[in-house]
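Per TrEMBL, these features apply:
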REGION    1-30  region 'Disordered'
TRANSMEM  58-78  transmembrane segment
TRANSMEM  84-104  transmembrane segment
TRANSMEM  116-137  transmembrane segment
TRANSMEM  143-164  transmembrane segment
TRANSMEM  185-205  transmembrane segment
TRANSMEM  217-237  transmembrane segment
TRANSMEM  298-316  transmembrane segment
TRANSMEM  346-367  transmembrane segment
TRANSMEM  379-397  transmembrane segment
TRANSMEM  647-669  transmembrane segment
TRANSMEM  675-697  transmembrane segment
Amino acid sequence: MNPFQKNESKETLFSPVSTEEVPPQPLSLPKKPPPKICGSNYPLSIAFIVVNEFCERFSYYGMKAVLTLYFLYFLHWNEDTSTSIYHAFSSLCYFTPILGAAIADSWLGKFKTIIYLSLVYVLGHVVKSLGALPILGGQMVHTVLSLVGLSLIALGTGGIKPCVAAFGGDQFEEKHAEERTRYFSVFYLSINAGSLISTFITPMLRGDVQCFGEDCYALAFGVPGLLMVIALVVFAMGSKIYRKPPPEGNIVSQVVKCIWFAISNRFNNRSGDIPKRQHWLDWAAEKYPKQLIMDVKALTRVLFLYIPLPMFWALLDQQGSRWTLQATRMNGNLGVFVLQPDQMQVLNPLLVLIFIPLFDLVIYRLVSKCGINFSSLRKMAVGMILASLAFAVAAAVELKINRMTPPQPGPQEIFLQVLNLADDEVKVTVLGDENNTLLEESLRSFQKMPHYAQLHLKTKSQDFHFYLKYHNLSVYTKHSVEEKNWYSLILREDGKNISSMMVKDEENKTANGMTTVRFINTLHKEVNISLTTDIFLSVGEDYGVSAYITVQSGEYAAVHCRTEDKDFLLNMGLLDFGATYLFVITNNTSQDPQAWKMKDTPANKLSIAWQLPQYALVTAGEVMFSVTGLEFSYSQAPSSMKSVLQAAWLLTVAVGNIIVLVVAQFSGLVQWAEFILFSCLLLVVCLIFSIMGYYYVPIKPEDLQKPADKQILHTQGNVINLETKKTKL
């Protein structure tokens, strides 16, 4: 008899009776059955659990959807650092379920674990939202609050992950196994619904709402935090009607101890005089029961197949990092509506809901009718191939984007443009350290260079000398520049003289996929501009230059402006998606001031719809790999090892995210080459996995049953099969 099995054993039925007198116990009344939903066999308590799961998944996926862009544009990290921290957070979210399961099974029980860790979860959201407020401290404060908040969120979401679904299953009596199976269908539907809705809504809260003159990350993080508060309140409301099984011990720790004892015992008895044993786990027989050792043997056969799996997750989880960054350089205007770069992630849960019934009801049946033995391991291998193809497509899209976007200045390089805001022609000559001519250009009044000029530096920073010829005047001036930057040299008349000022352009001005604008005010009075009802800015007098402002693309025919003594309207015309514009406010006539419009960076031309094939391929691969993999794993291990398998499966996801973190930090590859690297690595892993699967001999489910289990009623069999069914759903 397996002492680690959760069902009652014969020993509990025939426990020793004490000979001491036992005080009389009051008669216990029959336990009142839990309330049901509308007279059915479904406990009312599961309604609280399903709503809790929907709100919690909304909270998690909604926050995660905007996380990469938050790192990039609010904390101003580069793309590699943003990707690394994103995947470090994802990895931590899949390590902490082991901790949550240990706390629930060995100490607090599932109910208290969910309550306490949900409080940690809510605290993490609060800290994360505070870190997104521009008015709260500087860069260091925002970074510290963000990392602390993400750590608390990872502990909260990972800690309750293994508890909520199982706690819902605990609410059913054994005789209602069919209703429990249907409950898991609704439960996993709530997960996909929360993910689908949140990944669509939170990017809108970020991009369509302005806070403090920029994207509203505080709101995009605050709304998911509010949903987590609702999840906690709803779950706590059902406290009095829940069935709360006590902690029964953590089988994961027992498996680890058994394996460790077998290894150490074998090491301590490595003498040639000691007879060998049939299997290395047999060395645990001195301490652990035979049934547990047999179960662990079956488990290790499956865990061996898990070794190549992390590489698949390394590709799949880049939808929220590298693919989102790719979408920022594409045109999200689909005609009917404008899609934010981080909203493309909504395709994954949407396609999952479409592909699961499509594959189960159509594709797999057609393959079966063709006489092809499409086994579980073959499905997983095909899923890997589809994910590899998805990254090959992503690399092709990346190359197409690179051909359509301006180049970026490299080491010891700058890009320079010259704008002539004087009333007559100016000749500009850029001189190097040795007075050699680097650039020479003649510009008429209110004309700029047709494109940025690429200038090379001798060091990381350098002084350039400029020779300006205006009418009969010759003016020499000097400006300092730093490598890898964009600059604009603005020429202006100063009475009868000519002067210049160097303005540093922002890096990746349109990298967030939105339209950006800035203003130069040539008036002698400060101008207050109301771009929209939420976006206001002030531009200083006498050639004041504003910061870049992100706006929605579209027509801006009448933008309200105001000086200290008059109001006027500016016609900014049509602003293309992803372009960068410079507007010079002038007043050369007796009429109201006007805006001279210049396009610094061309609009994004490649439609974001080009990402659809790679999302379709990787989601199809996910359906074939993930759903089939869990179903196969559960069918190949004893029922007592299901929780261990779940923990191991989550660990493969965590390791996959670590792989992305390492590659992003240390590969040094351009993006399209990195996509090709991941695609090739997964193909190699797929080949290794196929060879391992070829020599794997599947175990029939009936062979996993213990002798005592074969006499269990048919209803018990339905309960055992439940874990496979719920995983598939």
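Each Cβ is built from the backbone N, Cα and C atoms, and glycine gets one as well.
Owing to the predicted nature of the structure, the values given are computational and were not obtained by experimental measurement.
Beyond its flanks by at least six residues, the transmembrane segment (185-205) meets 49-51, 53-59, 61-63, 65-66, 165, 168, 216, 219-220, 223-224, 227, 340-343, 345-346, 348-350, 352-353, 726, 729 of its own chain at Cβ-Cβ distances under 8 Å. Where the transmembrane segment (298-316) meets the stretches 58-78, 84-104, 116-137, 143-164, 379-397, the count of C-beta pairs under 8 angstroms peaks at 379-397.
Counting only same-chain residues 6+ beyond the ends of the transmembrane segment (346-367), those with a CB under 8 A from a CB of the stretch are 61, 192, 195-196, 199-200, 319, 374, 612, 615-616, 618-620, 622-624, 627, 729. Put simply, of 58-78, 84-104, 143-164, 379-397, 675-697, the stretch with the most CB pairs closer than 8 A to the transmembrane segment (217-237) is 58-78. Using a Cβ-Cβ cut-off under 8 Å and counting only residues 6 or more beyond its ends in the same chain, the transmembrane segment (58-78) has close neighbours at 85-86, 89-90, 121, 125, 128, 132, 139, 142-143, 146, 153, 157, 194-195, 197-199, 201-203, 206, 215, 217, 220-221, 223-225, 227-228, 231, 320-321, 324-325, 328, 341-343, 345, 349, 511-512. If you look at the transmembrane segment (84-104) against the transmembrane segment (143-164), you find at least three C-beta pairs under 8 angstroms, all six or more positions apart, and that counts as contact. Residues 311-312, 315-316, 322-323, 326, 606, 610-611, 613-615, 617-618, 620-626, 628-629, 632, 672-673, 675-676, 678-680, 682-683, 685-686, 689-690, 693 of the same chain sit 6 or more residues outside the transmembrane segment (379-397) yet have a Cβ under 8 Å from a Cβ within it. Long-range contacts of the transmembrane segment (143-164) within the same chain: residues 49, 52-53, 56, 60, 63, 70, 75, 85, 89, 92-97, 99-101, 103-104, 110, 113-114, 117-118, 120-132, 136-137, 643, 646-647, 650, each at least 6 residues beyond the stretch ends and with a Cβ under 8 Å from a Cβ of the stretch. Among residues of the same chain six or more beyond the transmembrane segment (116-137), those with a C-beta under 8 A of the stretch's C-beta atoms are 56, 59, 63, 70, 74, 100, 103, 108, 143-146, 148-157, 159-160, 211-212, 214, 217-218, 220-222, 224-225, 228-229, 231-232, 235.
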